[in-house]
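Per TrEMBL, the features are as follows:
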type: BINDING; residues: Val61, Asn65, Ser302, Leu401, Ser405; note: Na(+) binding site
type: COMPBIAS; residues: 20-30; note: compositional bias 'Polar residues'
type: DISULFID; residues: Cys163-Cys171; note: disulfide bond
type: REGION; residues: 1-30; note: region 'Disordered'
type: TRANSMEM; residues: 79-99; note: transmembrane segment
type: TRANSMEM; residues: 120-151; note: transmembrane segment
type: TRANSMEM; residues: 221-240; note: transmembrane segment
type: TRANSMEM; residues: 252-279; note: transmembrane segment
type: TRANSMEM; residues: 291-315; note: transmembrane segment
type: TRANSMEM; residues: 327-349; note: transmembrane segment
type: TRANSMEM; residues: 392-414; note: transmembrane segment
type: TRANSMEM; residues: 426-446; note: transmembrane segment
type: TRANSMEM; residues: 458-482; note: transmembrane segment
type: TRANSMEM; residues: 503-522; note: transmembrane segment
type: TRANSMEM; residues: 534-559; note: transmembrane segment
Amino acid sequence: MPEIATISYPESKKNDEANSSHGNGNGVVQLNASQPENAAQNRPEWSNKLEFLMSCISMSVGLGNVWRFPFTAYENGGGAFLIPYLIVLFVIGRPLYYLEMALGQFTSRSSVKIWEVSPLFKGIGIGQLVGTTSVVSYYVSLIALTLHYIFASFASELPWATCKDNWADNCVDSSLVVNEMRDSNSTSGQKVSSSQIYFLDIVLKEKDSIDDGIGAPDWKLTLWLLLAWVVIFLVLVRGVKSSGKVAYFLAIFPYVVLIIILVRALTLEGAVDGVIFFIKPQWGELLNPKVWYSATTQLFFSLSVGMGSIIMFSSYNNFHHNIYRDAMIVTTLDTFTSLLGGMTIFSILGNLAHNLGIEDISKVVKSGTGLAFISYPDAIAKFDIVPQLFSVLFFFMLFVLGVGSAVALHGAIITAFWDAFPKRKYWHLALILSTIGFCTGLVYITPGGQWILDLVDHYGGTFLIYVLAIIEMVAIFWIYGLDNWCNDIEFMVQRRVGLYWRLCWGLITPLFMIAVFIYSLVEYKWPTYSGQQYPGEALICGIFVFIFGILQVLIWAVWTVTGDSTKESVWGKITKAAKPSSQWGPCTEHTRKAWLKYKEEAKSRRDDIIYAKNHSSIVRKLCVLFGMYDDFIQLDSTRL
C-alpha cells in the first residue's frame, strides 16, 4: 500500500517533536502550561523506535506460541488447525492488532481512557481489564513452573529422565531412544513416560478430581511463584524506561534456543510422523465451527489482542510513529514462531509415539500445559551430550518468553490504574498490583490448580476477551464510524487506509467474529479437563468471571447515561454518550488543533461530493467502505 506523498500538517509534527525535546532528559514530556492537565501530557516515551518494536515482539511471541498453540492444534486435528489459523490471521488478527496499536498511539492513553471515543462503551476497557487480570493470574504460575525446571536441571541426572522405584509400574524412561528397550521398563498397562509422571505426580501432585476441593499450595512452587512476580515487578518498576531496555533480550534470545531444540527434535526417530500429523490438513475439520473458534481464540491469546497491552505499549509512542510497519512485522513474526513451536513439539510427539509404541499421535499425552512440560523435557532427556545444559537453556527460554508477555499484560493493568490515579507513583501501583497478583496466583499451584487454570483460561482468558473484542469492533467502526477512524489513521501515520483494511474493519472482521461466536454457542459444550467433567461449583465460578466482565459494559453504560444531568430524553442521552467526548483525540495541544482542522476540512469535502452527486445513504456507506471519497484529504500529488 503506497504512502501518501504529503499531508498538510507539518506544523503539528514539528510541534510534537518540540514537545518531546522539552523533556527532563529521560524521555518524559513536560506539561505545557497551555495544555489541559492530564496523565497523557506527562506520559514518557520509548527511548527509540526499536525498543517499542522489541517490546511488541516479546509481548506477542510468548508461551502462547510454544505452549498454547501446539496443544490447541493438538486438540483440533493437527494440520486441520493450520488453515483456519492462517485465515483468521488475515481477517481478524492483523486488523485488530493494527486497530489497537493505532488507538493507543492516537490517544496516548490506556485501554480504559481510549473510550473517550464513545463514553457509552467505557465498560469495554474495564471488562478487558477483568480478562487481562484473569490471564495474568495464571500466566505467572506457568513462569513459576519454568523456574522449577530450570533449577531441577542442574542435577547430575535430569530428575524426569528415568523412572524411580516408587513410580508406576507402566513407567518408561524418557531417556530411552531405542524402541526395543521400552519393554524392559514396563510389564503392564499403557506405558507412560517418566517425564509425564514427574510433571503430574512430583511437580504438580495433581488430583484426579476436584470434587473435594483443590488442596493447599505447594510450598516449593509458592517460592518459585514469588520469584517470578519479583522479576516482573523489577522489569516494570520504572515503566517503559526499564522494560524497554530488557525487551531486546526478551525478544531475541528465545529464537536461538528454539531453533537448537527443533534441529535436535527433527533427528529423533518418528519425528517425521509427528511433523506430518502437524502439517497434513484434515479437510473435513474445516466445516467444524469449533476449529474456527479455537483458531480465533488462539490468535487472540498469541497476539494479545483485546487485552489492552498493545494499546498500552503504543500509547508511549511519538504521535507520528510508523505503526503500520511494526504491526506487519509483529503479526508475521508471531505466526512464524507459532509454526516453529508447532513443528518442534509435534516432532517430539512423533518420537514419543514411536518409543511408546502408540500409532495414534493424538493419544500420546494429555493436552493442556502438559505438552510443554512433558513433551519438551522428554526430548531433552534423549540428548546424548550434556542434556542438563540444553534443559537449562530451554526452560530459561520459556521463562524469558513468559516474562516478556507477562510484563506487557501486567503493564497494561498498571497503566490503566496509573491513568485513573495519575498522582500516584508508578512503582507504588506496580508493587501493590504485583502483590495482589502473587496472592491470586497461589490457587494455580495447588494439586487442583491446573483444573482451575483451564477453567479461567476458557471463560476469562478467551471467551470474555473474544466477546468484548466484538463489541469493540462494533463501537469503533459502526458507532464512531469507519470514515472517522480512517481519517484519524491517515492524519496520524500519513498513509492512505487501503481497501483491505476498510473491508476488514467495516465488514469482514466484525461479521466473521460474530458468525464464529454464534456457531460456538450453538455447538457449545461444557469445558472438561483431560476428558473429565468439572463439578458444578467450579463451572459456576468460571461463568461468574465471564458474566462479571461482560456486565461492565452495561454497568458503565448506565452510569454514563444516568450521570448526564441535562434535561434531554433518555434516548438523547444515550446518543450523546455514544459520540466522542471533548477528551477524544491527540493529547498535545498543537496536534489536536491540527487534527480538528483536518477533520473539519475532510467533512466539508465529503459533504460537497455527497450533495453535488445526490448520494443516498446506502451509496455513501459503500463509498466509505471502498474508500471512494479520496478527495477527503488534500494531497500534493495525484490521487492514489
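Just so it is clear, glycine is given a Cβ too, placed from its N, Cα and C backbone atoms.
Structure with TrEMBL features highlighted.
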| residue | record | Cβ contacts under 8 Å, 6 or more apart |
| --- | --- | --- |
| Val61 | Na(+) binding site | Ala251, Pro254, Leu333, Asp334, Thr337, Leu401, Gly404 |
| Asn65 | Na(+) binding site | Ser302, Asp334, Thr337, Ser338, Leu340, Gly341, Leu401 |
| Ser405 | Na(+) binding site | Ser58, Met59, Ser60, Gly62, Leu63, Gly64, Tyr139, Ser304 |
Candidate with the highest Cβ count within 10 Å, taken from the recorded positions Cys163, Cys171, Leu401: Leu401
Region pair the transmembrane segment (458-482) / the transmembrane segment (392-414), three or more CB pairs under 8 Å: no
Region pair the transmembrane segment (426-446) / the transmembrane segment (120-151), three or more CB pairs under 8 Å: yes
Contact call for the transmembrane segment (291-315) and the transmembrane segment (252-279): at least 3 Cβ pairs under 8 Å, seq gap 6+: no
Touch test for the transmembrane segment (534-559) and the transmembrane segment (221-240), at least 3 Cβ pairs under 8 Å: no
The transmembrane segment (120-151) in contact with the transmembrane segment (221-240), cutoff 8 A, at least 3 CB pairs, sep 6+: yes
Within-chain partners of the transmembrane segment (252-279) [C-beta distance under 8 Å, separation at least 6 from its ends]: 54, 61, 66, 73, 78-79, 82, 177, 179, 337, 340-344, 346-355, 361-362, 376, 379-380, 382-383, 390, 393-394, 396-397, 400-401
Neighbours of Val61, Asn65, Ser302, Leu401, Ser405 excl. site residues, C-beta within 8 Å of centre, Na(+): Met59, Ser60, Gly62, Leu63, Gly64, Val66, Asp334, Thr337, Gly404
Other CB atoms, at most 10 A from the CB of Ser302 (Na(+) binding site): 26
